[in-house]
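See below for the structure under consideration.
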Ligand SMILES: Nc1nc(=O)c2c([nH]1)NC[C@@H]1CN(c3ccc(C(=O)N[C@@H](CCC(=O)O)C(=O)O)cc3)CN21
Ligand SMILES: O=c1ccn([C@H]2C[C@H](O)[C@@H](COP(=O)(O)O)O2)c(=O)[nH]1
C-alpha cells in the first residue's frame, strides 16, 4: 500500500469516527445547486508526514488529476497569477469576478516584491536565493496570509505558508493549511507541494526530504461522507513514480509537461464530486 493512501485513510477514519459535525452551527460554504448550507464533519489539528525520498505521495484509492493539479501549482508559484484565464482548468471559476480575477490572493501575493539585504525580491525568489546561498538558514519561509489584503480576496488562502529546511542536503518543507476539503483537495494539495519541493530542490541542487502537512480544520463535507466511506474501503496499490524531465534545472523552466507519473496503478475516478462554494 502506498503510504499516502494509508495516511489518507487514517485521516478520514479519524474525522468520520471522532469528528464534530457542525450541523448546528452557522456555516459559510453553500452547495451551488440549491444554495443550502454545506456542513462538515471535522477534526482540528492533523499532521501528516510524507517522505518524498521514499515515494511520491499520489493516492491510489482514486487518481489525482495530476496535470490540473500541477498546472494550478505553477499558476500560483511560477506564473504568480491571480487570473483564471491563466489557468487551464475551471476549478477556480466559481471564485473569480467578471474579469477572471480571484482578487489579491495566491499568485498575486507571491508576485509582490519586498526589500531584503540582497535586494528587491518576491517571496519565491527569496526562497530560491536562500536555498542556494544560506541552505542552513531557519528563516526560509513564505506566507500569503496577508491581513492588509484579505478584504480584496474572494476566498482567503487555505494553503497559506511554507517553511523550508535543509536536513543533510535534503529539502524538507512544512505546508501550513488553515482549512482542507479532504475529499476534493487533500491529496491535490499534498501532490502540489510535493512537486514544489522537487522543483525547488532541483533549482538549488538539493535532494528531496520530508513534506509535513499541518492542517488546522480538516473536514469532510456532508455530501462527501458516503463517497469517502466507499473510497476508503477500496483496495490500494503501490505508489507511482514521479518522472521529471532531466533537462530542466531552473525553477522558471518547468512546465506541466516536465512531470509525469509512471507505473500509476489506481482505482476508478469518482465522477462529478460536488464542490462547496
Ligand atoms: N470547497 C472547496 N474545496 C476546494 O478544494 C477548493 C475550494 N472550495 N475553493 C477553491 C479551490 C478550488 N480547488 C478545487 C476545486 C475543484 C476541484 C475539482 O473539481 N476536482 C476534481 C477533478 C477536477 C479535474 O479533473 O481537474 C476531483 O475529482 O477532485 C479541485 C480543486 C481547491 N479549492
Ligand atoms: O487549496 C485549497 C483551497 C481550498 N480548499 C478548501 C477548504 C475549504 O473547504 C474551502 C475554503 O473554505 P473556507 O471557509 O474559506 O475555509 O476550500 C482546500 O482544501 N485546498
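Every residue gets a Cβ built from N, Cα and C, even glycine.
TrEMBL entries are annotated by machine, without manual review.
DSSP gives residue 158 (active site, nucleophile) a coil state; it is part of no helix or strand. Residues or ranges marked as active site, nucleophile in TrEMBL: 158.
Sequence-distant neighbours of residue 158 (active site, nucleophile): residues of the same chain at least 6 apart with a C-beta under 8 Å from its C-beta are 177, 178, 179, 180, 185, 189. The annotation active site is assigned in TrEMBL to 158.
Residues or ranges marked as dUMP binding site in TrEMBL: 138, 139, 178, 179, 180, 181, 189, 219, 220, 221. Counted within 10 Å of its Cβ, the other Cβ atoms near residue 178 (dUMP binding site) come to 15, all protein chains included. Reduced to three states, the DSSP call for residue 178 (dUMP binding site) is strand.
Annotation comment: TrEMBL describes 181, 276 as (6R)-5,10-methylene-5,6,7,8-tetrahydrofolate binding site. Counting only residues at least six positions away in the same chain, the Cβ atoms of 219, 221, 275, 276 sit under 8 Å from the Cβ of residue 181 ((6R)-5,10-methylene-5,6,7,8-tetrahydrofolate binding site).
Per TrEMBL, the feature domain 'Thymidylate synthase/dCMP hydroxymethylase' maps to 8-272.
In this record, dUMP is bound by 138, 139, 178, 179, 180, 181, 189, 219, 220, 221; the longest C-alpha to C-alpha distance in that set is 37 Å. In the vicinity of ligand 1, defined as a Cβ distance under 6 Å, the following of the binding-site residues 138, 180, 181, 189, 220, 276 are placed: 181, 276. Among the recorded positions 138, 158, 178, 180, 181, 189, the ones whose Cβ sits under 6 Å from an atom of ligand 2 are, in sequence order, 158, 180, 181, 189.
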